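These come from Swiss-Prot:
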DOMAIN    26-325  domain 'Protein kinase'
BINDING   ILE32, GLY33, GLU34, GLY35, THR36, TYR37, GLY38, GLN39, VAL40, LYS55  ATP binding site
ACT_SITE  ASP164  active site, proton acceptor
COMPBIAS  429-456  compositional bias 'Low complexity'
COMPBIAS  482-491  compositional bias 'Gly residues'
COMPBIAS  492-505  compositional bias 'Low complexity'
Amino acid sequence: MAMASFGQLNLEEPPPIWGSRSVDCFEKLEQIGEGTYGQVYMAKEIKTGEIVALKKIRMDNEREGFPITAIREIKILKKLHHENVIQLKEIVTSPGRDRDDQGKPDNNKYKGGIYMVFEYMDHDLTGLADRPGLRFTVPQIKCYMKQLLTGLHYCHVNQVLHRDIKGSNLLIDNEGNLKLADFGLARSYSHDHTGNLTNRVITLWYRPPELLLGATKYGPAIDMWSVGCIFAELLHAKPILPGKNEQEQLNKIFELCGSPDEKLWPGVSKMPWFNNFKPARPLKRRVREFFRHFDRHALELLEKMLVLDPAQRISAKDALDAEYFWTDPLPCDPKSLPTYESSHEFQTKKKRQQQRQNEEAAKRQKLQHPPLQHSRLPPLQHGGQSHAAPHWPAGPNHPTNNAPPQVPAGPSHNFYGKPRGPPGPNRYPPSGNQSGGYNQSRGGYSSGSYPPQGRGAPYVAGPRGPSGGPYGVGPPNYTQGGQYGGSGSSGRGQNQRNQQYGWQQ
């Protein structure tokens, strides 16, 4: 099937695949996502029993009717048909005031609601990676990365920028298939486009330096920076650039990738916010140093993705042809991957939040009801040379601070029935804070040793930007071509090692 070709979307047209069916045809089972757009629910079609995802379009802040971002998303997904892009099935409406999965009325001041119906996917990459004890294998990482790049290459060939690549927007089913989702920030583009685009896109940790420096003219390279961050995150077992704000994000980028200058990045000094955010001192590129535990071919590919100058950043098509995907161990067949219990970022965050609340409640309970102190203590035994009193934590099992240790009287506390002798200087630990456990910094890029490649410990949980249900679309099948040239599938094809897509048989 030939790929669709399209340019700017006509936002005056009514959204496509607008059905006449009501949301009452579905039974909401569980909320699996939430964001600025609304909520995402796992639901079951009552008539067929098919499990789907319902993405509710938030209308309460829209004074002018249907949100333009939703129109863009629907139109783009209607045009995209690929096995690595989420499929939008239909649009349904609710005739009256809508209710959530618990039967409570929502806050929509308008009557009715609008839902996008998507194929259901069991996981998103963030939720899956956050599962305790889960370790991705190297063939598994290669499999996911190959599918991500294939889907993104298809989008770029069809002149669509995703503009929000992150783990929670990469959906995975229990057959190992990965699909790009949440096209709420996506838009079409053309190489001869002269207008300005917003730079307030892409979640901060995955945002490229050109957007952070104020660029308003950009192309597919912005998505490839995000892919590089995802790639390193899979291998490093945690996010690599977790900035708290734009300034800190740029600092982390420059500390890793070096200072930008006119030699390495022509035109950078003319970018709108360069003078505000340029490093105070020259910084050298340290990607190879920070990620020296990576496989050689993985590091070579990552170096080409995390390039400051977008004009020199590798494309999705060229990345698919990298040696990384054509050397052992090869990407595995998606169907060979293990199945897991449903894991979405929204659910894992909710579980962590509940766990924190339980821990805080336990602490409050302990403060309100402290352990009872001993009301009767045996008399102190003194004798021999006196020593400085050690520092003991207060509590029922230790003497009070700044006083000699209290020893109960009685034969059971005598050594072989003889009176206890004078306390020696080494009987108790010295006063002061005792060292124990680890006091390691978890920041930066050198927080410990890592396995040679693949996942070590599970992701370190942390804020990942807005948590959003990532559903976004199109049926599989396409032939690549277009601006990159060629009519076959991307990459080296199936003539190498007689393996289609480079998968092990």
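We count from 1, first residue shown onward.
Note: Cβ is positioned from N, Cα and C throughout, glycine not excepted.
What Swiss-Prot annotates, mapped onto the structure for a quick look.
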residue : record                       : DSSP (3 states)
ILE32   : ATP binding site             : strand
GLY38   : ATP binding site             : strand
ASP164  : active site, proton acceptor : coil
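When each of the recorded positions GLU34, ASP164 is scored by how many other Cβ atoms sit within 10 Å of its Cβ, GLU34 comes out lowest. Calculated from their C-alpha atoms, the gap between VAL40 (ATP binding site) and ASP164 (active site, proton acceptor) amounts to 17 Å. When other Cβ atoms within 10 Å of the Cβ of ILE32 (ATP binding site) are tallied across all protein chains shown, the result is 28. Long-range Cβ neighbours of GLY38 (ATP binding site) (same chain, at least 6 residues apart, Cβ-Cβ under 8 Å): LYS55, LYS56, ILE57, ARG58. There are 27 other CB atoms within 10 A of the CB of VAL40 (ATP binding site), with all protein chains counted. A Cα-Cα distance of 19 Å separates ASP164 (active site, proton acceptor) from ILE32 (ATP binding site). Averaged across the domain 'Protein kinase' (26-325), pLDDT in this predicted model comes to 92.
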